[in-house]
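A.B. asks: Found this in Swiss-Prot, in case it helps:
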BINDING   P86, I87, K88, S89, G90, L91, S92, S93, S94, S95, A96  ATP binding site
Amino acid sequence: MRCSAVSLGSGTIINAIATGFGSAFGVDLKIKADVELIDNGKKIVNGISIDNPTLKPSLVERCVKNVFDHFEVDYSAKISTIGDIPIKSGLSSSSAASNAAVLATIGALGEKVDPDLVLDLAIKSSFEENLTVTGAYDDATASYFGGITVCNNMERKILKKDKFKEDIKVIVLMPEFKKNVDVNRMKLIKDYVDMAFEKCMNGDYYKALFLNGLLYSSALNFPSNISVDALEAGAITAGLSGTGPSYVALCYFEDEKNVENALKKYGETTITKPSNDGAKILY
């Protein structure tokens with residue numbers, strides 16, 4: 001009994017830490033999880049990240065165990081992951097890994113896939129591994145469904161779904177900045193993030209993303225000029241993704257090189273695109 005599933009990375013439109021309300025969009029970077037069940041009654045789960053063997057597999061192992069607990073089975077399992085989402089980059093690698101792990105395990109068991117259950121078990125696992133502050137429901141839903149999701153993270157409700165147009169490129173900057181998750185400083189900007197979220201609810205995602213990026217980069221001591229540099233080079237919008245250190249810039253195809261050149265002086269870049277496809281079982 002085996003199953004393979006993939007889930008997307010995501011970029012931030014509104015970071016939910018300050019207010020509990022957030023928004024994210026799926027990007028065409030993925031993590032694939034392969035699960036093999038062992039019918040020995042021992043409930044031992046062993047995981048490995050194929051492309052990053054030093055990464056502790058505790059999150060995906062927890063996901064498998066939580067699925068087993070939910071369905072009250074006593075299998076053991078092997079789980080491996082591989083993907084192209086940089087770890088701890090603000091591109092929702094943990095949401096993608098947990099979604100893919102839960103989905104693959106449910107598939108291996110032959111159970112019906114319920115998106116709400118997948119998300120609940122994935123978020124539960126992330127909380128138990130201390131990998132999330134808010135539950136990251138916005139990131140998890142963008143990773144699972146693709147497209148844009150606007151969410152009440154506190155109540156785990158999707159308030160709105162939308163899509164970016166297909167003629168847009170996403171340029172991801174991954175600078176060598178030290179990650180900073182100062183929740184108290186992020187709470188200070190709550191009222192201003194609310195204003196950016198209002199833009200998001202009105203469908204003005206580009207302005208929302210830019211304003212959110214300025215606010216959170218200031219609160220977390222990341223450079224805000226990077227986003228302005230991207231605009232100067234032709235980007236439609238740009239901003240910090242998650243709590244950083246990555247930035248995302250959206251641009252039209254013809255401006256891709258100019259925007260990439262403006263960003264790559266700060267660090268490594270990856271070019272991708274929005275994805276509206278979402279998570280799926282491969283086999």
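Backbone N, Cα and C define each Cβ position, glycine as well.
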A.B. asks: Applying a 10 Å Cβ distance cut-off over all chains shown, what neighbour count does P86 (ATP binding site) have?
C.D. replies: 17
A.B. asks: With every protein chain in view, how many other Cβ atoms are within 10 Å of the Cβ of G90 (ATP binding site)?
C.D. replies: 25
A.B. asks: State the count of C-beta atoms found within 10 angstroms of the C-beta of S92 (ATP binding site), not counting that atom itself.
C.D. replies: 30
A.B. asks: DSSP three-state call for G90 (ATP binding site): helix, strand or coil?
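C.D. replies: Assignment for G90 (ATP binding site) reads coil.
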A.B. asks: If you draw a 10 Å sphere around the Cβ of A96 (ATP binding site), how many other Cβ atoms fall inside it, taking every protein chain shown into account?
C.D. replies: 32
